Amino acid sequence: MGGAVVDEGPTGVKAPDGGWGWAVLFGCFVITGFSYAFPKAVSVFFKELMREFGIGYSDTAWISSILLAMLYGTGPLCSVCVNRFGCRPVMLVGGLFASLGMVAASFCRSIIQVYLTTGVITGLGLALNFQPSLIMLNRYFNKRRPMANGLAAAGSPVFLCALSPLGQLLQDRYGWRGGFLILGGLLLNCCVCAALMRPLVAPQPAGAPGPQRPARRLLDLSVFRDRGFVIYAAAASIMVLGLFVPPVFVVSYAKDLGVPDTQAAFLLTILGFIDIFARPTAGFITGLKKVRPYSVYLFSFAMFFNGFTDLTGSTASDYGGLVVFCIFFGISYGMVGALQFEVLMAIVGTHKFSSAIGLVLLLEAVAVLVGPPSGGKLLDATHVYQYVFILAGIEVLTSSLVLLLGNFFCIRKRPEASQPEEATSEAERLHKPPTDVRVDSREVEHFLKAEPEKNGEVVHTPETSV
């Protein structure tokens with residue numbers, strides 16, 4: 001399946017690494033914040049929804065699950081839309097969908113209607129914003145791309161710290177319906193961010209025709225031929241199984257140890273505060289000239305650090321131990337968040353990134369839906385929170401080993417120093433005149449007399465003729 005790309009980055013255009021790219025970075029920061037924080041922020045309305053519709057907590061939890069499933073699972077659909085219509089139009093439509101879903105949800109009369117509006121429509125709208133914003137960030141930044149990815153990823157903890165208390169305030173003052181209506185209006189800012197995503201245009205001389213863009217597939221499945229992409233996708237899918245489990249259970253873990261509710265909830269604030277500074281710092285370090293070639297190994301270390309933190313967190317026996325766990329988990333979690341898409345960009349390149357990220361998000365969607373529920377089932381069976389943290393740590397550690405060993409043994413490149421020598425020897429071999437071929441002078445003279453001219457140009461020497 002093929003089609004033209006409207007907003008494809010023009011070939012040969014150098015990434016600005018600044019200029020209007022800072023506006024694109026700001027838009028990506030806002031979009032990332034809404035996309036990752038919104039599914040968690042709506043949980044403050046769950047008690048009101050339970051009272052309104054007479055349902056249980058598990059029923060309301062499906063709202064966040066559907067939002068995350070749409071954000072991850074519609075990755076290939078977003079790739080097709082971006083490759084067909086371009087980033088800016090897709091994001092404008094996504095912003096309208098995200099807002100429309102929350103506004104419509106404020107008029108719902110059943111929980112099923114809330115699933116369809118807040119879960120499906122708003123989730124689809126956020127997905128249509130999140131993926132194109134990363135694609136545009138990849139086009140505008142090259143040398144400073146790791147730092148740009150780290151700053152954009154910081155939108156997630158910043159917005160989580162802002163949207164959760166805002167949601168509580170709106171619920172207390174206007175009820176859940178009024179809160180949903182106002183949040184719907186707030187999501188229209190996604191359209192403003194979409195307007196910032198100005199496509200790069202190659203400068204053309206006056207009167208010169210525009211460059212012809214080659215047709216490309218709407219969903220480029222050839223990325224699966226890249227061993228680096230396959231290893232990355234496998235490692236990322238395994239990582240997501242355990243990455244989101246500790247933040248879900250750490251508050252309940254603290255309460256199980258006898259910690260008061262307010263102090264237990266403060267653990268997530270600590271984690272988010274550390275995460276805000278960890279992501280830009282990790283992006284800045286990755287962008288250093290001597291570090292950037294080893295970004296894959298740094299990402300593997302971040303996953304290993306996160307998994308090891310989960311294992312050590314399972315030994316916490318008091319509130320102080322959980323505080324230390326949240327500090328180190330925030331650091332490792334921020335490193336993973338800042339590096340995951342930077343490493344994918346480095347592996348597949350700019351032109352295949354739109355398809356690659358969609359396919360990776362689809363694979364991660366399955367893991368997102370399996371990971372936390374599997375931890376919950378383990379908790380129901382054992383009633384021991386330590387086992388949940390141990391399971392999450394083992395899964396993340398496994399993903400780091402898959403990426404590290406796969407990169408080391410399967411996708412290491414040959415030394416590039418030998419390539420120019422091979423190319424030079426090949427060129428010399430092609431242009432070196434044959435030594436074993438004799439040319440008869442009479443044949444050359446006959447040839448010159450027979451065809452003195454060719455296509456209007458006089459041929460002066462036997463070498464250029466033959």
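Cβ from N, Cα, C; glycine included.
TrEMBL has this to say about the protein:
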| type | residues | note |
| --- | --- | --- |
| TRANSMEM | 20-39 | transmembrane segment |
| DOMAIN | 21-418 | domain 'Major facilitator superfamily (MFS) profile' |
| TRANSMEM | 60-85 | transmembrane segment |
| TRANSMEM | 97-130 | transmembrane segment |
| TRANSMEM | 151-170 | transmembrane segment |
| TRANSMEM | 176-197 | transmembrane segment |
| TRANSMEM | 229-252 | transmembrane segment |
| TRANSMEM | 264-282 | transmembrane segment |
| TRANSMEM | 294-313 | transmembrane segment |
| TRANSMEM | 319-341 | transmembrane segment |
| TRANSMEM | 353-372 | transmembrane segment |
| TRANSMEM | 384-405 | transmembrane segment |
| REGION | 418-439 | region 'Disordered' |
| COMPBIAS | 426-439 | compositional bias 'Basic and acidic residues' |
Under 8 Å, at least 3 Cβ pairs, sequence separation 6 or more: does that hold for the transmembrane segment (353-372) versus the transmembrane segment (229-252)? yes
Range from 151-170, 319-341, 384-405 with most C-beta pairs under 8 A to the transmembrane segment (229-252): 384-405
Integer average pLDDT (0 to 100) for the domain 'Major facilitator superfamily (MFS) profile' (21-418): 84
